Each structure stands twice: as C-alpha cells, then as structure tokens.
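Written out below as structure tokens is the structure these notes cover.
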Amino acid sequence: MNPYIFFIIMSTVMLGTLIVMTSTHWLLVWMGFEMNMLAIIPLLMKQYNPRSMEAATKYFLTQATASMLLMLAIMINSLYSGQWTFTKLMNPTASVIMTLALTMKLGLAPFHFWVPEVTQGISLPSGLIMLTWQKIAPFSGLYTLAPIINLDLLLVVSILSVAIGGWGGLNQTQLRKIMAYSSIAHMGWMTSILVFNPTMTLLNLFLYVLMTTTTFMLLMAASTTTTLSLALMWNKMPLITTSTLAMMLSLGGLPPLTGFMPKWMIIQELTKNNNIILATLMAITALLNLFFYMRLAYTTSLTMFPTTNNMKMKWQLNTTNQTKYLPLLIIMSTMTLPLTPTMVLLN
C-alpha cells in the first residue's frame, strides 16, 4: 500500500475514534463511527485475496447494521426528549437498542460471530488494529451510557461473552481465532463492571490493549499464525517463542502474570456490589480460557519431536523483523501484577 494512502487511512481511523470520544452530540458520535468503519475496510483488504475480501465484507455488513441500530436509538431518543445531546434522562427503549448496537460493534455475545471469521481472514497487523484500536470508540460510547444503561442486559451479555470466549477457543488451532475468542472473553469481563466502576473498566481496557498488542507483535516477529508453526519455532527464534507462551498465559489470567490483575480487580468489584453468583460464574468460565492457553503452552514447549530429523523443522530464510520495542512491552505485559495495591485509588 502506498505510504501516503496508508497515512490518510490511519489518520481517518484515529480521527473517527477521537470524534466519538470527545463529542457530546449523538449525530457527531454516529459520524465518528461511520468514518472509523469506512476507513478501516481498506486496511482489512490490504492483502487483496478472496479471504480478506470476504472478511472485509462481513465486517462492513455487521458494522453497518450496528450503525443503523445506533441511529434508530438516537432518533427514538430525540423523539422523546427533543434533543440530540447526551442527557442523563434517556428513553429506556432507546437505551436498550443503543446498548445492543454498541455490543454488536464490540463483538460481544450474542453478536460475536463475525469476530473470529474476520480476524482469521485478515493479516496480523490488520487483526491487531481491529482487536485493539477498534474497541476504543464503542467502549467510550458504553462509558458515556454507564449511568443510564440497563444493568441486567449488560450483565447477561458479559457472562455470555466470557462463556463463549472460553468455549469457542477450546478446539482452535489458528492463533488469530484464539486471539479473537480471547478478545470476546476480555470484552465480557470489562463490561461486567462498567456500571459499578467505569474507571476500573478503562484500566482493564488499557491492560487488554497492552497484552494483545504485545502478543500480536510477537506473532508478527515470528511470522506464525498456527499452533503447529509456533511449535516449530524453537530452533528459529527460541526467545520469541518463550515470550509468546508467557504472553498467552498472561492473557489467560494465570498469576503471577499481569493478566491476573484485571480478573482479580473485577471479581473483587463484583463481590463488593453483592454480585456473588455472577463473580463465581465468571471465575469458573475463566478457567476455560486458561485451559486452552495452558494446552497451547504444553503442546508448543513441553512436547518435542520424537526424531531429530532437521527437515521437519522450520528454517529461517528471511531476515527477522525489528523487535526493539518488544522487551519493554513484554515486561509490562507480564510483570506489573505487584502494582495492583496502587490501584486502590480506583475504588
């Protein structure tokens, strides 16, 4: 892709997100979502093959449907309230429709079907943008709606997302699909405390973006997209492979890695608000995520080939990608759990 075109597209994607985050007028919010959606489609189709075309089409149809629902909710609200700006008094029907539209944009259950399919059909850099930056705008919309959102609807969506994010990843061998189901589960964890503690939700979103970015950069450095190719990486890039497995376990929420911090804080917040059953269910379903990450770590690091035939191994023919930023990202993504006591300020 031409560097100038790439710069224009990325600027539009960022501008759309910033418009959504800073606007107080519903029409501008809708325009920001549209700019964001239309600008990212060329990035999804960058490889220009049938699979990426199909992924971009699925993404467009899903996001366009969510945008229509969002506009419907905005119009219903303006019909009842007589204004287009954010207000604490919002029509209940409009609030429910708007919540469903934003959950569809985020890829939360039961509107999650597009996330694994789209992620699998696009390149790793495009997948990184879709699973990190593209989550910020819908989350800022939910953050704005937090005081008036339907709590029961949000809790049902969050527990469904955590469960489906765990179940869906159990039989996957494609790393991009595993990351997609992990994204669905993490989004479910974050939305569960959105009403109770929105600031903590933003912290968890930051940690999720940090860990997902690090994992994708490791996969890009190793040029691997399947569990088999990751298992064959030991003789090619042993440090990258080890770091990838540590990041996978951190995403699964295994203590003492960073990924345990958001789960710990969210369960503590839920129990503080007398949601004991929900906290228990989410802790149990989190084991599904941890299981497939542990299985991935086992198959790639603790099982070796029965023979020493070098022809089975993956040889490094091309120069490796630059990894100068990776050490700092890996340290932040795996070793910041001791900072948890300083987060008491969020309560």
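Cβ coordinates come from backbone N, Cα and C, glycine included.
Features reported for this protein in Swiss-Prot:
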type     : residues : note
TRANSMEM : 1-21     : transmembrane segment
TRANSMEM : 25-45    : transmembrane segment
TRANSMEM : 59-79    : transmembrane segment
TRANSMEM : 96-116   : transmembrane segment
TRANSMEM : 145-165  : transmembrane segment
TRANSMEM : 178-198  : transmembrane segment
TRANSMEM : 202-222  : transmembrane segment
TRANSMEM : 247-267  : transmembrane segment
TRANSMEM : 276-296  : transmembrane segment
TRANSMEM : 326-346  : transmembrane segment
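Below 8 angstroms of C-beta separation, residues 28-29, 31-40, 42-43, 46, 129, 133, 136-137, 140-141 of the same chain, each at least six residues beyond the ends of the transmembrane segment (1-21), sit close to that stretch. The transmembrane segment (276-296) makes contact with the transmembrane segment (247-267), as judged by at least three Cβ pairs under 8 Å among residues 6 or more apart in sequence.
Counting Cβ pairs closer than 8 Å and at least 6 residues apart in sequence, the transmembrane segment (202-222) and the transmembrane segment (326-346) reach three or more and so form a contact. Remote same-chain partners of the transmembrane segment (59-79), defined as residues 6 or more beyond its termini with a Cβ less than 8 Å from a stretch Cβ, comprise 26-27, 29-30, 33-34, 37, 40-41, 44, 90-91, 93-95, 97-98, 100-102, 104-105, 111, 114, 118, 130.
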